[in-house]
Amino acid sequence: MQNETSKRKIEHIELALLESVERKEMNWFDEVILLHHALPDISPDEVDLSSNFAGKPVKAPIIIEAITGGSDLSKGINEALAIAASEFGVAIGVGSQRAMLEDKSLIDTYKIVRERAPDVPLIANLGMSHISTEKAVENAKAVVEAIEADALAIHLNFLQELLQPEGCREFPELFSNLVDISREVDVPLVVKEVGNGISGEVATLLESAGASYIDVAGAGGTNWAVIEGSRSGGLRRDTAYNFINWGIPTVIGIIEVRKHIKRAKIIGSGGIRTGIDAAKAIALGAHFVGAARPFLVSFKREGLDGIRSLLKRMIEELRLSMALTNSRSVEELRLSRRFVLTGRTLEWALQRNIL
Ligand SMILES: Cc1cc2nc3c(=O)[nH]c(=O)nc-3n(C[C@H](O)[C@H](O)[C@H](O)COP(=O)(O)O)c2cc1C
């Protein structure tokens, strides 16, 4: 079971496992320092990590981000991710459902997530090219219904599309279609990037379009210029590699979006690799954090147990970071501004007047 879209997605999975896909230069988490609280007031076991995503309770504010679907390989990955999401009580997204719109026989490669994780928030997924069409609302409703999703994520992957040999260069009616989707699809709308970040100005537009969640998916983790560059040759490859350092680092994206939006919730993702990074993202203003590539790498190494170990470690590190900053709850960490900015992050924040 494979169409062109599924084949491309398998290539993406294989290439995403390469170490060179992580751009450490664009990961600015080291420039954010959490304020250490030396006098213990709470134990890590008292820290409350619980939250609520798309109307469903979660045990930790960590999201297994959109990765895959559309092939047998994807089905296996999705099944393991879903089992872990259910065990740990965290939200989970599926990868772009474009493949199942093109070939209905692929639905079960996504639906397996709902089957294995019946109680956690599940996020459907479509790309900007699949909503830049007259069928935008129809496509959006179809992908939500197919997997009984609790939310719908639309990914904005402009740079990736431009670097992809088969990518789109025009996105007609994108904004007005987002508005229609937010009005006509009856689950909350998440709008996300895929690794190049979201500015404050764009966040304002997305909020006005009706986005309930904005996932900054900034630079510093999975890098699509590397992935698409590796899939191409000649000039196209050179061009892709020249865009390796393009984008808004995740820590900056969170600060930008926090300053500009009024009611939407923020998901901080892109290069979050530890529970300490997660705590920093929350302290900067994120309500939730997400990761994608680490789950794929853990699955490749140790299957379901690898995913379990990763979640266990990240949750424990987040818990410890919260106790060490004297934060009893996710909301307390988010609102108390117990961080110091240094280096380029501070320069950016000052120049953009977003502190
Ligand atoms: C192999 C792979 C496939 C992905 N496919 C999708 C996708 O189909 N839809 C989407 O919204 N994001 C997709 N993403 C992006 C992630 O959801 C996430 O936004 C981004 O990778 C940043 O997180 P990370 O640095 O932790 O990987 C994919 C990421 C990876 C690694």
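Cβ atoms here come from the backbone N, Cα and C positions, even for glycine.
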From candidates Ser96, Ser321, Ser327, TrEMBL puts in the same FMN site as Ala66, Ile67, Thr68, Asn125, Lys192, Thr222, Gly271, Ile272, Arg273, Ala292, Arg293 the residue Ser96
Largest C-alpha distance in Å for the substrate site residues Arg8, Lys9, Ser96, Gln97, Arg98, Gln160, as a whole number, is 17
Of Lys9, Gln97, Arg98, Glu161, Ala292, the binding-site residues whose C-beta sits under 6 angstroms from any atom of ligand 1 are Ala292
Cβ proximity for Arg98 (substrate binding site), under 8 A, sequence spacing 6+, ordered by residue number, returns Thr5, Gly70, Leu126, Gly127, His130
When pLDDT is averaged across the domain 'FMN-dependent dehydrogenase' (176-334), the result is 97
